Amino acid sequence: MGSSESSKFACILALILLLESSMQCQAQFSASFYDDTCPNALSTIRTAIRRAISRERRMAASLIRLHFHDCFVQGCDASILLDPTPSFTSEKNAPGNVNSAKGFDVIEDAKSQVEKICPGVVSCSDVLAVAARDASAYVGGPSWTVKLGRRDSTSANQAQVSSNLPRFTDSLQVLIDSFNRKGLSARDMVALSGAHTIGQAQCATFRTRIHGNGTDVDAGFASTRRRRCPATGGDGNLAALDLVTPNSFDNNYFKNLIQKKGLLQSDQVLFAGGSTDGIVTEYSKNPSIFSSDFAAAMVKMGDIEPLTGSAGQIRKICSLVN
C-alpha cells in the first residue's frame, strides 16, 4: 500500500472512529436512555412530582430552581443534593442555598419510588432534571423533551456556589457574563429568569429595592411590599415574585418588569434601558414565544457538563455517595 493510500485509509479509519464515538455519546445522553432499562421511570417521577406540588404549590418553583442551582455548580450532576461528609462540604449550606433551596425531600421521594421498580438504574441528576420539567408543566408552563443518561457526582463543591450562582444584586452585564460562561446566551438568561413568574423571595433579598426610593421601582408596588418587609427585621418574610398570578406559569413576570414591578433588583435590570429590554418586551406581548424559548433554554441548561458513560455513579440515596 502506497503512502497516499495509507493516508486515505488512516483518514477513513479516523472518521469511522469519530462517528462511533459520536453515536456512543448520543446513546449515553438521550431521551430514550431508560426505554429498555426502566421504561416506567418517567411516569413514576411525574406522579411523585405532581403529588408534591398538589400539596404545596410553591414546590414547582423550588424544583425548577433546584435544577438550576445544581447545573450552575460543576454541571448537572446532583451535587447540590449531597449532605456534608468528612471529605467535602455540602452545597446545601452555601450562601444562596442555605435556608433557601428547597425540594430535596421531594427529589428523594421520587428517587425512592424509582428505586423500587428499577434499583440502581436511574440517576438522581436525571430525576432532578425530569422533576423540573414536570413541575413547569403541572403549573401551566411549557414541557420539553429531557435528555437522559446523566450520572451522579461523588462530591460537592461549596466554594463554587458563590462564584457561579447569580446574585439578586447583580447588574445586567454580570448576569449576561455569568450565563455566557455556562454556554447560555443573554436571551436564554432572560427566558430562564421568567421562571420567577412563580415562587417567592425572602424580604432580605428585596428590602433595599423597595426601601430605596429608586426611580426604577413603582412607588405603589414598593409601598405594598413594605407592609411585610420592614426596613429592619422580618428577613425571612416571603413575597410572591409575581404579585399578579403568583401560582401560574405565564408571562406576567415580563409585564411586571415593564411597569417597574420586578421584586428583585436582578429582575428589574432586565428592563432598565439595557440590551435586554427588547427581549422583555417581546415576551410580555407573546407568551408562546416566551414558553418556547424557556423550554429550549432549559434543555440547554440541562446540557451543562453532565457526567456520562462510566463517570460518577448512580446513587441509591440522593443525599449520600454510595
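Each Cβ is built from the backbone N, Cα and C atoms, and glycine gets one as well.
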Cross-link partner of CYS203 (disulfide, per TrEMBL) out of CYS124, CYS229
CYS229
Bonded to CYS38 via a disulfide in TrEMBL, from among CYS76, CYS118, CYS124, is CYS118
Fill in the CA-CA distance, ASP250 (Ca(2+) 2 binding site) to HIS69 (active site, proton acceptor), as an integer in Å.
22
Do any residues at least six apart in sequence from CYS118 (disulfide bond), in the same chain, have a Cβ closer than 8 Å to its Cβ, and if so which, in order?
TYR34, THR37, CYS38, ASN40, ALA41
Near Ca(2+) 2: residues not in THR197, ASP242, THR245, ASP250 with Cβ within 8 Å of the site Cβ centroid are ILE198, VAL244, PRO246, SER248, PHE249, ASN251, ASN252, TYR253
Could you state the CA-to-CA distance between ASP77 (Ca(2+) 1 binding site) and CYS229 (disulfide bond) to the nearest Å?
36
For a quick check of packing: other C-beta atoms within 10 Å of the C-beta of CYS203 (disulfide bond), how many?
19
Which one of the recorded positions (ARG65, HIS196) has its C-beta surrounded by the most other C-beta atoms within 10 angstroms?
HIS196
Residues satisfying Cβ distance under 8 Å from GLU91 (Ca(2+) 1 binding site), sequence separation of at least 6
HIS69, VAL73, SER79, ILE80, LEU82, ASN97, ALA156, ASN157, GLN158, GLN160, VAL161
